[in-house]
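First up is the structure itself, then whatever we jot down about it.
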Amino acid sequence: MTEAVTIEARHAVKAFGQGEHVVRALDDVSIQIRKGEFFTLLGPSGCGKTTLLRLIAGFEMPTSGTILLDGADITDLPPNRRPVNTVFQSYALFPHLTVAENIGFGLTMQGRPKAEVKARVAEMLALVKLEAMAGRKVSQLSGGQQQRVALARALAPQPKVLLLDEPLSALDLKLRKEMQVELKRLQTETGITFIFVTHDQEEALTMSDRIGVMSAGKLQQVGSPRDIYTRPVNRFVASFIGETNFLPATVVSGGVRLSTGDVVAVETAAQGAVTLAVRPEQVRIVAAEESGAIVATVRMLVYFGTDTHCHLALADGTEVVARVQSPASGEAGIEEGSTVGIRFASGAAQVLED
Amino acid sequence: MAERRFEIARIPGFATIAVATFVMLYLPIAALVTFSFNEGNSVAVWSGFSLHWYEKAWANQAVKDATVRSLTIAVCAALISTTVATLAAMGTTRRAKFRGETFIYVAINQPLMVPEIVTAVALMILFGMVKQATGYQGLGYLILAHSAFCIPFAYLPIRARLEGMDLSLETAAGDLYATPWQTFRHVTLPLLGPGILAGAMLAFVISLDDVIITEFVKSGGQDTLPTYMLGQLRRTMTPEVNAISTALLGLTVVLLTAFFLLTRKRD
Amino acid sequence: MSSAAEERLRRQSARNGWLLSMPALALLAVAAIGPLAIIVIYSFLTPGQYGNVVWEFSWDGWVSILFTRDIFDGTLGLADAHLTIFWRSVKLSILTTLVAFGLGFPTAWFIATRPAQQRAMWLFLITIPFWTNLLIRTFAIMEVIRAEGVLNTALMWSGIIERPLAIIYTDVAVLIGMAYVYLPLMVLPLFAAIDRFDMRLLEAGYDLYASRWQVLRRVILPIVKPGIVAGSILVFVPSLGAYVTPRVLGGGKNMMIGNFIELQFLAGRNWPLGAALSVTLLVIVTAALLVYVRAANRGSNPHG
């Protein structure tokens, strides 16, 4: 792939604290973010995703490593000299300024002519559909409106990259869904590279072109939402995004042998003890007698509306969860206590080396 | 809604003592104010309403001079102390803790801790030497002394305001291409404004009220209103002092009310 | 571990902190903290004949705090007059603290248990006298208690007494005056402590069979103790160093340390003694304030 790289971090390390209390918030992270993509940094709180964002914005300096923008080293450049803008988690709107003044702030600071600022502000207000609010103080706006002002303010100076630090976390569920669509629209319309930080896997999966999953200051995996979901590279990624069955296994010729002795056919280059990861929806329930099926006992059925979760126990007691579509009416053909067979959808089982 | 319930926080007698305390707190002040409007020259027996004593005080050249002097000193002291206190507050908040920060904090609050009489005596000795060496006898000494002891009063509200201010606002300004100076000018200062004004008003009130340090530092003929009133005590009390007190009291209450409104406005 | 750039930023931030604080520190050094050094030096010099000092080292300033030299045989004896003044200062300061607590605790409790929207108003009523000129408040109380003042006039008019009560220019007058002017300093920290007090603890106390008095003694007072210590010291410290109130209400005779210090610099013409007394007062006050800082720190985590 030869797409142009906008932002690049090379071996970025950020340590906080001194002496014995040093915490490596960012531990040797290298990443390339392409021009015009919607890139999401996903991970639990404290994984280093916000730190990486602050390094890109220039609010923090890396302990070691470099940050590049369009190939130029910007590691030591202060934030006010980087063509990169941020939408803050708390919005950080200036309470003493009006909506229009907030949006025009960046352009004014750059010393652009008044007429240009005015035109650009009007354009931005239209983009986020807040034309009627131009003269209001930000404290008079609702949470969703403040969010839009924050977006417009950060977009107004036409940055090369827009950084969004969990911008939707303060909104309620309904508004969050709306803003997800809105953000995607803005990104497509402006063509600006978005780097979006979130701990919400669903948000990441639905909005992103690519996702970088982070944990403990390290980048675990980078890929498209589909890649990340179907081909997680390790146990952390598999468990953080969606639900997964982890089955202990040993590599044998032609596949892996589970602790029950059953052999599952998968391709792997790994050796010895591994973990087999299978998503619950990829576990098929078949007749116990079917050849090649793994025998299991139904322990418990949990009804979820469209789906039903079957908690199963393999012969040696290993637990497996299967998600099956709830039947149109009444009971499923499966009952608690009954013996069934399970199979994994072809290509759905992943071998993880621990 | 006359609900019968067990009043959990009630302690018998406390409300009575509290109300009595408020009465005792305000009764003397009320008496002082009331008798400043007394017709006769008693400060205990009412003989009719009159503004006589205010007129008398106003006609008194010594009172006029003292008023002008008090206001001059208070304005200068408020301006100087607020300026240096604002800088110090910016230096000691919202940055990584640095060596000596605690020292600076203690030093700035030192005038609150040392008994005024001790500072007064110390300044009398020091400024006495300077007066002898330079021959300068002007108001400068009083302005200098007042500016110094007003610093903590200006510093504390400004610092409180700064600490309550969202640091991400300045980060946002930097992100939006503002230089550090632009950030200060367009974001920090406008948001800090009410704090600075509050600090300046407190400093003004404190300077206006000072007795002890002024008494020891002033050169001959440099009475301020409080030292003038203290001097009047040697003679018989007349409602004239009440009138001056009431005027000063009124000014203080107005400024304090403004101060509270300013500091409360913030959400 | 940190990079050179981080280290540079940290240094720069610390340097800016110092630079910005410098004007304030300079002003304080010249007109508040610096002069205190002079006091220490003066306490070790020889008194001049007409006030001021002679620049010769001497312990006399410190010795004469407690002792007086007999004019005839030059032997040292205890200076009774000085001891009387010290004793009066300490006694009046302690009594002032007790009176202020007796009135201030119920008042603070009363304010803290008002509905939220009234609380600010009651607090404001306490704060107004706090910021009002000390001299004016002293005048106000003087007009109430003096011989032909409001109190005596009212009592005589109602026939309770025939001759005016002689309160003014006594220790009692000074006590009343100091309790009056320093009361807000007791109420404010007490209020802060009570305001943090979790009223559900009272429910727990009553639930476990405590009477109102037992709840006060065994639950409330121990928990708000840091506030009590803070308020007491905030009243005790200025009382000990009081100058205006004893001067106005005590007449010339009922001096406290503050007035005694003034006397040494004006009429008494013993500057080294005055300086030594000032240093002593400063040390006592600083020690009391250190106790206060510790209490205040404990107060910020009330159940720790």
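Note: Cβ is positioned from N, Cα and C throughout, glycine not excepted.
Among the features that TrEMBL reports, domain 'ABC transmembrane type-1' is placed at C:86-292. Marked as transmembrane segment by TrEMBL: C:20-45, C:92-111, C:123-145, C:165-194, C:215-237, C:273-293.
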Residue numbers, six or more beyond the limits of the transmembrane segment (C:123-145), whose CB comes under 8 Å of its CB atoms: 107, 111, 151-152, 167-168, 173, 176-177, 180-181, 183-185, 187-188, 191, 244-245, 248-249
Range from C:20-45, C:92-111, C:273-293 with the greatest count of C-beta pairs under 8 A to the transmembrane segment (C:165-194): C:92-111
The transmembrane segment (C:20-45) in contact with the transmembrane segment (C:215-237), cutoff 8 A, at least 3 CB pairs, sep 6+: no
Outside the transmembrane segment (C:92-111), six or more residues from its ends: residues with CB under 8 Å to it: 119, 122-123, 126, 171, 174-175, 178-179, 182-183, 185-187, 190-191, 193-194, 227-228, 231-232, 235-236, 239-240, 242, 246, 256
